[in-house]
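For 61-102, the entry in TrEMBL reads domain 'Peptidase S26'. Residues or ranges marked as region 'Disordered' by TrEMBL: 108-128. The annotation signal peptide is assigned in TrEMBL to 1-26.
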């Protein structure tokens, strides 16, 4: 059973600080936990405190720790994401991805969505 929709406000600071509201399904830009020189765009699957059924992570279920997100690529099996490296610190967040602009034939808005059967659970036992 899916958990009730929640959101978290995160301040993203660059030359200007902006508070951005994040919820499960948002596409976000992070520094890669494996290579801090690389930025990655992944979908937020869970927020701090959420229970997540993982896809190949070392534990079948994870409670997202405080100050972290659970992120996944849209193409499971072809993506380095939280199923590879675990929950991601909010400190690695750079912002929200809103549009695809390259290549031009793919220009479009990135709409919030969750893949089927993904997202937070009410409790660990929901899928047990």
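Every residue, even glycine, has its Cβ placed from backbone N, Cα and C.
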* Asked: To what whole number does the mean pLDDT across the domain 'Peptidase S26' (61-102) round?
  -> 90
* Which residues of the same chain, at least 6 past either end of the domain 'Peptidase S26' (61-102), have a Cβ under 8 Å from a Cβ in it? -> 10, 12, 18, 20, 22, 26-34, 39-55, 108-110, 115, 118, 121, 124, 127-128
* For the domain 'Peptidase S26' (61-102), jot down how many residues DSSP puts in helix, in strand and in coil. => 7 helix, 16 strand, 19 coil
